[in-house]
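Report on the structure given below.
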Amino acid sequence: MTETRDTPPARKPRAFCAPPSETAEHRAGFVTFVGRPNVGKSTLMNALVGEKVAITSSKPQTTRRAIRGIVHRASGQLIVVDTPGVHRPRTLLGERLNALVQDTLGDVDVIGFCVPAGEPIGPGDTYINEQLDAHGARVRKVAIVTKTDRVGPERVAEQLIAVSALREWDLVIPLSALTGDQVDVLADELIRLMPVSPPLYEAESTTDETEEDRVAELIREAALEGVSDELPHSLAVTIDEMIEREGDGLLQIFANVWVERDSQKGIIIGHRGSRLADVGRRARGEIEALLGRKVFLKLHVKVAKEWQRDPKQLGRLGF
Ligand SMILES: Nc1nc2c(ncn2[C@@H]2O[C@H](COP(=O)(O)OP(=O)(O)OP(=O)(O)O)[C@@H](O)[C@H]2O)c(=O)[nH]1
Ligand SMILES: [Mg+2]
């Protein structure tokens, strides 16, 4: 028997659950967002997932790993792979981050090329666009004009025309991850481009990042705020231990904030430790929100000389 719209309102609504039928055509697959640093890739992934899976900041090179965020919709599932911004590498770390992006591009169903609405398309963007040629028609290509809330409709239209001239895209879409405008439209369109497939992740999961990695990233995000020049690039965070205190069960987190030079250590710590205390306070708030419990956070600032250029130290820091 089919249900009609005349169903009496008194009747208890059924929980929505897509029946496993052949006509349902549940789709699932991988999409990666690529683009220059700072164009809003991680903010967009978080908006799609509905949770802060990746840290974001106004500093370039915020993302340093391929981070997966899972988007669940009735019609399908998207596994978003957020990647580091592609840039001209100046260090071994930079080279490795660019190589990571290249590797990721070969592994996905859809590539989402991101350009901000307010900045003209430049050599950095055209370089990345050319890299997409290596991935044939099997990989769908979508252009995403980000940060539309920052400009007027005329500028958005200009950018849509400019990006459309780069290649024949499967989709060109303007959106704002900040206001959420068009984010759901993108999710629906991306699902339509995915292969028919059962869900690849369980319904509750939003990422496969470990708790420890997420905690380290939240500390790095807090440390990034307010620093400038080379310092954002020089920061790395590792976790020594996350352990419950006997008695009250308080979660104790012991973490290291790495910098590359002694002078940077002083900046991070600040006058009488004031800056580090502030970083710790902000990070702890975010970590408690993520884990849903009280934590004690102890940060140590350490120097790993020129770690961005040193293969051994890069390995130790997880790159
Ligand atoms: N106004 C506005 N700002 C945005 C939007 N999306 C991102 N931003 C801001 O742009 C900055 C960079 O955002 P991210 O998401 O970290 O950029 P990214 O492309 O992941 O950067 P990398 O990881 O360094 O490559 C942050 O300050 C964000 O708050 C948006 O839709 N509107
Ligand atoms: Mg990012």
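Counting begins at 1 with the first residue displayed.
A Cβ is built for glycine as well, from the same backbone N, Cα and C atoms used for every other residue.
For the recorded site, Gly35 (GTP binding site), the DSSP three-state label reads coil. Summarising the annotation, TrEMBL assigns GTP binding site to 35-42, 82-86, 146-149.
As annotated by TrEMBL, domain 'Era-type G' applies to 27-196.
Looking just at the domain 'KH type-2' (227-305), the mean pLDDT is 96. According to TrEMBL, the feature domain 'KH type-2' maps to 227-305.
Annotation source TrEMBL lists region 'G1' at 35-42. Long-range contacts of the region 'G1' (35-42) within the same chain: residues 54-56, 58-63, 67, 82-87, 113-116, 124-125, 128, 146-147, 177, each at least 6 residues beyond the stretch ends and with a Cβ under 8 Å from a Cβ of the stretch.
The region 'G2' annotation in TrEMBL covers 61-65.
Summarising the annotation, TrEMBL assigns region 'G3' to 82-85.
Positions annotated as region 'G4' by TrEMBL: 146-149. In terms of DSSP helix, strand and coil, the region 'G4' (146-149) has 2 helix, 1 strand, 1 coil.
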- Task: Return the members of Gly35, Asn38, Thr83, Val86, Thr148 (the binding-site residues) with CB less than 6 angstroms from at least one atom of ligand 2, or none.
- Result: none
- Task: Residue list, the region 'G2' (61-65) vs rest of chain: Cβ under 8 Å, 6 or more residues beyond ends.
- Result: 37-38, 41-42, 54-55, 82-85, 87, 93-94, 97, 100, 213, 221, 224, 232-233, 318-319
- Min neighbour Cβ count (10 Å) across binding-site residues Asn38, Thr83, Thr148 flags Asn38
- Task: Quick one: of the binding-site residues Asn38, Thr83, Val86, Thr148, flag those whose CB is under 6 Å from ligand 1, and say none if nothing qualifies.
- Result: Asn38
- With the cut-off at Cβ under 8 Å and a gap of six or more residues from its ends, the chain residues touching the region 'G4' (146-149) are 35, 39-40, 44, 114-118, 156, 174-179, 181-182
